[in-house]
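Here is the structure we will look at.
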Amino acid sequence: MAPSAVGLLVFLLQAALALNPEDPNVCSHWESYAVTVQESYAHPFDQIYYTRCADILNWFKCTRHRISYKTAYRRGLRTMYRRRSQCCPGYYENGDFCIPLCTEECMHGRCVSPDTCHCEPGWGGPDCSSGCDSEHWGPHCSNRCQCQNGALCNPITGACVCAPGFRGWRCEELCAPGTHGKGCQLLCQCHHGASCDPRTGECLCAPGYTGVYCEELCPPGSHGAHCELRCPCQNGGTCHHITGECACPPGWTGAVCAQPCPPGTFGQNCSQDCPCHHGGQCDHVTGQCHCTAGYMGDRCQEECPFGTFGFLCSQRCDCHNGGQCSPATGACECEPGYKGPSCQERLCPEGLHGPGCTLPCPCDTENTISCHPVTGACTCQPGWSGHYCNESCPAGYYGNGCQLPCTCQNGADCHSITGSCTCAPGFMGEVCAVPCAAGTYGPNCSSVCSCSNGGTCSPVDGSCTCREGWQGLDCSLPCPSGTWGLNCNETCICANGAACSPFDGSCACTPGWLGDSCELPCPDGTFGLNCSEHCDCSHADGCDPVTGHCCCLAGWTGIRCDSTCPPGRWGPNCSVSCSCENGGSCSPEDGSCECAPGFRGPLCQRICPPGFYGHGCAQPCPLCVHSRGPCHHISGICECLPGFSGALCNQVCAGGHFGQDCAQLCSCANNGTCSPIDGSCQCFPGWIGKDCSQACPSGFWGSACFHTCSCHNGASCSAEDGACHCTPGWTGLFCTQRCPSAFFGKDCGHICQCQNGASCDHITGKCTCRTGFSGRHCEQRCAPGTFGYGCQQLCECMNNATCDHVTGTCYCSPGFKGIRCDQAALMMDELNPYTKISPALGAERHSVGAVTGIVLLLFLVVVLLGLFAWRRRRQKEKGRDLAPRVSYTPAMRMTSTDYSLSDLSQSSSHAQCFSNASYHTLACGGPATSQASTLDRNSPTKLSNKSLDRDTAGWTPYSYVNVLDSHFQISALEARYPPEDFYIELRHLSRHAEPHSPGTCGMDRRQNTYIMDKGFKDYMKESVCSSSTCSLNSSENPYATIKDPPILTCKLPESSYVEMKSPVHLGSPYTDVPSLSTSNKNIYEVGRCLT
């Protein structure tokens, strides 16, 4: 994006979020900033010229030099000013609005101005937290409430809002039995004889019951009234929920189940005897025996198995070398020749035995663990056997002493030490008991078979055993023609072109032949494949054994040689009528019936049996899925049940159709789904009715309108999902929240237009005006003569006194006093500040003092003029006024939203403006042609035939013109004012100028800011400050008001500029003049004014 576009976008975003200076809560202040400008100055240079002289050698022409000046330009810094908008004190910025800030939250109202709350009806106090107490109501809480039994009194109407459980006009009556709650509208739900509290509806349960509705028994561990009594039962005993009597669990007895069953008994009520032996103890609850050490079993009847001892026989004996272990203690009883706690110590050293340990052991040392120290018997290592441990385990045995039998199967080898199996080819598994899975063979079944066409694979070597009809190593080759059977070793014996099956050698005869080898022709009267068809010829000499074509006798024709007789006739001379029914035809010879498809019987009077159809009822029906029975007896078509279609009645009716053959159209509306069987509708959430055309009743939603809406304040809810559609003035998920402050209406989408601190109704947006204001938006003050809330109170002020529109306070006219200004008063300035006479009237009463002051002022002006003339002469001597004449040049382009200076040029008047460094007086001089005019509130100076242009009318009543450099000369200044007041702010920021001619029009600069306003109903009138000596002294009022700006003519000692600023509607709080053409400041460079 181009930089200019980025800048424009940033500016527009700032403008969109900026404060509106028109907002009454927006204040502004000026701030300075420096900009680089180009300014002109007089640059000296040496100019050579020629003149006539007496130099005869140069033909009377001499060269001369002189210092001349030309206009040059240089860059300099200039201080400029811009206005920054910000929220006034007591307000904070929220988006592009200034919102009032209340230190204390308005509890029942809204903040309308700093620390000022507008309370809702019935509330008061600084933070709207104080309402009428419970005993009073009405205006000023002056009426006493009549409500009883803790009822609330409406602070506005005094109506009693009964507490739950009471009724009546004054809430003096309790709810009727069986009812409770607010307005006694709720029915009690208590069970088991419980009573209901009329206030809360709380059930007062009978002893032994609890729960919200007393529907539950007391929880375990409690009983009695309110289930407050703790059960004394111990060890899991349960008490009666009413009496508290204990029912003990098995194994416990006593009043509180604190005593276990006596020894030798157990179970419920300790009624069972213990069955334990050998001193075993019985568990008093379950009866399980806890055996003593050395015994085990359900009844402790078994001694610990060999090699174990101790409690539950859980410990392993540690006796070696054949030592026996005590089943109770685990102590070892050693064999002769061994000693020690575990019998692990030999009496003879290793390798010796016999008396005196003198005989060497005869065992094979590599395969022997040890030899017996007494007998010298060898103890072999696992996998070895024999007297001297020199023989490996025999086949089928392994381990210590070769005592363990091998478990390997199917010819597998067993490892003599570990007993692990090495399987033969074709088997797998830990003991080689699992044959190879189909398709695998070899050691560990690791190879994959390659047999095809159902051939079986040998699990040993993978060789293929082919099925009948196949041959080859992988059974992929079919038997050659003429052979069949296993390995294709059999020869076919089929004749007459019959095909031989390669699997079993059976012959598939061609039509007209039969027999095992197809060597026999079809018998007379038959034909076709396997001679299964019978010839149907009348008056024929048989039929073709292959095709079945009839060989008719002479005189007969037709497919069956029966076309002689007409239809329906048979017998001699076709004299007998056929009796066949249902479209059957009869034989012309004997009248036998040939039934039409779908019928059977001698006269074709019966339909096909269920499950068959067609000619001769020979064709089986297809499998009809959802039908009324088998297929149609003629066509074989399935007769579908309502809701199904398709050749097999296995298709559900398409959407929108139902009934028999799916011929009926569904009538379900609003996305309801239709049953394909009977057309009944299953409605979409939000709809009910036979055809789903009825919306859910108000207050219900969802499927079958089952759910109840939770919306409040008159909101409607969506019949589909229960979403609330709030009425105007409400928001939130269930429409329980009022619109936020300053918003109202549908979806809180309207902004309140109330002014002057008025409150806005959150539903209608109607303004409730503060005291002293009226109008639709409370934009109007009370009309003269009225005041107060709604401007309904009449002022009681007398003698032309002014009435305050808010409080009704009277401001008396001169000469009166009192609350209603009905008392006469002395005309003295010191007595009444509201009746102080104007400065003009004081001047008339003290004319002598005024004349004296004027004489002194004129003398002072003469002295000042002399000083300025002397200073100006010195400046001319230094050559400061040699810069060429400079015309006004706008520093930037004016836009339709800014003000412009029209016909801005230099005046031909001789009047000059200057500034005095000592007395800070702004003055303009010229020949005196009119009387002096004091620029104050009562004596405005008028502008003659001039106006200030503004291109558009939509502007605010405040505008500023800043004189930021020295005084300047402006003529032909024209201003067209809108209907509002127009303010011009003059600021002097330059160095002092020198007077040019006598006669001054001065402004005192002890306050450097002056505001001139104009009532725009009148245009400016003529008044030229060029002939008289008029001054503005603002020491008495630093913001003296000038009804019309005067015409000022000036001579500028240096480059100056004029700044005109239009109000900002929605601009940035910092409006920078040199930035964009839409800026609200215009800067004009002002050149040196000439006389």
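Yeah, the Cβs are placed from backbone N, Cα and C, and that goes for glycine too.
For 94-129, the entry in Swiss-Prot reads domain 'EGF-like 1'. Outside the domain 'EGF-like 1' (94-129) by six or more residues, the chain places 16-20, 23, 25-26, 87-88, 154-156, 741-742, 757-759, 768, 770, 1066 with a CB less than 8 A from a CB of the stretch.
The disulfide bond annotation in Swiss-Prot covers C147-C160 (among others). With a 10 A radius on its CB, C147 (disulfide bond) counts 24 other CB atoms from all the protein chains.
What Swiss-Prot records for C190-C203 (among others) is disulfide bond, and it gives similarity to another entry as the kind of evidence. Around C203 (disulfide bond), the C-beta neighbours below 8 angstroms that are at least 6 residues distant in the chain are C188, Q189, C190, H191, A194, S195, C196, D197, G211, V212, Y213, C214.
According to Swiss-Prot, the domain 'EGF-like 5' annotation covers 266-301, on the basis of sequence analysis. The average per-residue pLDDT of the prediction over the domain 'EGF-like 5' (266-301) is 89, rounded to a whole number.
A coil conformation is recorded for C300 (disulfide bond) in the three-state DSSP classification, outside any helix or strand. Annotated disulfide bond per Swiss-Prot: C291-C300 (among others), in sequence order, evidence recorded as similarity to another entry.
The Cβ of C319 (disulfide bond) lies under 8 Å from the Cβ of C325, C332, E333, C334, S342, C343, each on the same chain and at least six residues away in sequence. In this structure, C319 (disulfide bond) belongs to neither helix nor strand by DSSP; it is coil. If you look up Swiss-Prot, you'll see C319-C332 (among others) marked as disulfide bond.
For C445-C457 (among others), the entry in Swiss-Prot reads disulfide bond, with the evidence type similarity to another entry. Counting only same-chain residues at least 6 apart in sequence, those with a Cβ under 8 Å from the Cβ of C445 (disulfide bond) are G426, F427, M428, C436, A437, P459.
The disulfide bond annotation in Swiss-Prot covers C466-C475 (among others). In the three-state DSSP scheme, C466 (disulfide bond) is classed as coil. Just so you know, the Cβ of C466 (disulfide bond) picks up 23 other Cβ atoms within 10 Å once every protein chain is counted.
Residue counts for the domain 'EGF-like 9' (484-519) under DSSP, helix first, then strand, then coil, are 3 helix, 9 strand, 24 coil. According to Swiss-Prot, the feature domain 'EGF-like 9' maps to 484-519, an assignment based on sequence analysis.
For C509 (disulfide bond), applying a Cβ distance below 8 Å and a minimum sequence separation of six or more within one chain yields C494, N496, A498, G515, C518, L529, N530. Annotation comment: Swiss-Prot describes C509-C518 (among others) as disulfide bond.
Every protein chain considered, the tally of other Cβ atoms within 10 Å of the Cβ of C595 (disulfide bond) stands at 24. Among the features that Swiss-Prot reports, disulfide bond is placed at C595-C604 (among others).
Look at Swiss-Prot and you will find C668-C681 (among others) tagged as disulfide bond. In the three-state DSSP scheme, C681 (disulfide bond) is classed as strand.
Under DSSP, C717 (disulfide bond) is assigned to a strand (E or B) in the three-state scheme. Within the same chain, residues at least six positions away from C717 (disulfide bond) with a Cβ under 8 Å of its Cβ are G699, W701, C709, S710, C711, A723, C724, H725. What Swiss-Prot lists as disulfide bond is C709-C717 (among others).
As annotated by Swiss-Prot, disulfide bond applies to C726-C735 (among others), with the evidence given as similarity to another entry. With a cut-off of 8 Å between CB atoms and residues at least 6 apart in sequence, the same chain places C711, H712, N713, A715, C724, C726, T727 near C735 (disulfide bond), listed in sequence order.
The annotation domain 'EGF-like 14' is assigned in Swiss-Prot to 749-779 on the grounds of sequence analysis. Here the domain 'EGF-like 14' (749-779) has Cβ contacts under 8 Å with residues 109-110, 112-113, 116, 118, 727-730, 738-739, 742-743, 787-791, 804-807 of the same chain, all six or more residues outside its ends.
Under the heading domain 'EGF-like 15', Swiss-Prot lists 787-822, citing sequence analysis as support. When the domain 'EGF-like 15' (787-822) is classified with DSSP, helix, strand and coil residues number 3 helix, 9 strand, 24 coil.
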Helix, strand and coil counts within the domain 'EGF-like 1' (94-129) (DSSP): 0 helix, 16 strand, 20 coil
Rounded inter-Cα distance in Å - C475 (disulfide bond), C291 (disulfide bond): 70
Where C203 (disulfide bond) falls in three-state DSSP terms: strand
Number of helical, extended and coil residues in the domain 'EGF-like 14' (749-779), per DSSP: 0 helix, 8 strand, 23 coil
Cβ neighbour count within 10 Å of C681 (disulfide bond): 21
Cβ neighbours of C291 (disulfide bond) where a neighbour is any other Cβ within 10 Å: 23
Same-chain residues at least 6 apart in sequence whose Cβ lies under 8 Å from C668 (disulfide bond): C674, C681, Q682, C683, D691, C692
Length of the line joining the Cα atoms of C466 (disulfide bond) and C147 (disulfide bond), in Å: 109
Distance from C595 (disulfide bond) back to C147 (disulfide bond), taken between C-alpha atoms, in Å: 102
